[in-house]
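Asker: Right, I'll just put the structure down here and ask away after.
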Amino acid sequence: MHTRARDTEFTLLFQIIAYSMILILSLICIIPFLLILSGSFSSNESIVRDGYHLFPTDFSLEGYKMVFKFPTQVLKAYGVTVFTTVVGTALGLFFITMAGFVLQRKDFRYRNTFSFFIYFTTLFGGGLVPWYIMLANYFNLTDTYTVLIFPGLMTPFLIILMKNFIRSAVPDELIESAKIDGANDFRIYFSVVLKLAMPGIATVGLFLALGYWNDWFTSSLFINNPDMYQLQFYLYNTMNTITFIDQMAIGTGITLSQDVPTESTKMAMAIVVTGPILFLYPFVQRYFVKGLTIGAVKG
């Protein structure tokens, strides 16, 4: 009886410590975002004077007004980013799941050889200059939507991740049964693999979508047409312009007719960029739970 009571006390103590740690970690993750959200709705003067607070001390929309000062350009940048994210994620998922399905098959003789070369590219790369010359000079992809989509289609890490996930989620016996029933490889891929590997597909899809959505480097290298700027690169250019004007005014002693809200604009840009991804995550969250439990129960 005494031992049972002692075990209960230890269990209660463990739960208190565990929940406290989860609460602390959650606050560490949430508070910075709340500060950014509050800063985006604060005036630039209040941020400079009082710093950041969980609630705006001087409510203002000047940061968002600066971000959307040229709404046509912002909408174009949003359109380009949404297009590249949707198309790139869809094509990337098709190629990555197809590659993962092939590389995990035991009847594929060269699966280890191809897996080695794919893994090798994660350790050694050709370099930025050869990559730029190949895409810009040989493939002539400058100022095209293809250059915004093509480089991120086949990520070696995601191919390896998908291969391992399909291996654990799709039993070999199920594939053999489908073959006995007369299903060919494409039928097995579309009817069996894609359905059972949906948690892994959602995870890889989120990685791909985040990569395309947050990409600004590709636009900085290959895109010269302002109408084809991705959202991240457009906001990056806007922020650089604001900072340059602010520094020039300070350096030359010129007083601007209107102060540029640098700090509040930064926070508003962060909200504009992260907002769509935050709305997307709840729809794929349930697949992550399935991904964590896959393989835990064998039937």
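Each residue, glycine too, has its Cβ placed from N, Cα and C.
Residues or ranges marked as domain 'ABC transmembrane type-1' by TrEMBL: 78-284. According to TrEMBL, the feature transmembrane segment maps to 12-37, 77-102, 114-133, 145-166, 186-213, 267-284.
Situate these features within the shown structure.
Answerer: Long-range neighbours of the transmembrane segment (12-37) within the same chain, counting only residues 6 or more positions beyond its ends whose Cβ lies under 8 Å from a Cβ of the stretch, are 52-54, 267, 270-271.
Residues 81, 84-85, 88-89, 92-93, 96-98, 101, 148-149, 152, 155, 158, 161-162, 165-166, 169-170, 174-175, 178-179, 231-232, 273, 276-277, 280-281, 284, 287-288, 290-291, 294 of the same chain, all 6+ positions outside the transmembrane segment (186-213), place their C-beta atoms under 8 angstroms from a C-beta of that stretch.
When Cβ-Cβ distances below 8 Å are used as the criterion, the transmembrane segment (267-284) is approached by residues 36-37, 39-40, 42, 47, 63-64, 66-67, 202-203, 205-206, 209-210, 213-214, 231-232, 235, 238-239 of the same chain, each at least six residues removed from its ends.
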Asker: Which residues, given as numbers and ranges, are at least 6 beyond the ends of the transmembrane segment (114-133) yet have a Cβ under 8 Å from it?
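Answerer: Distal contacts: 103, 151, 156-157, 159-160, 163, 221-222.
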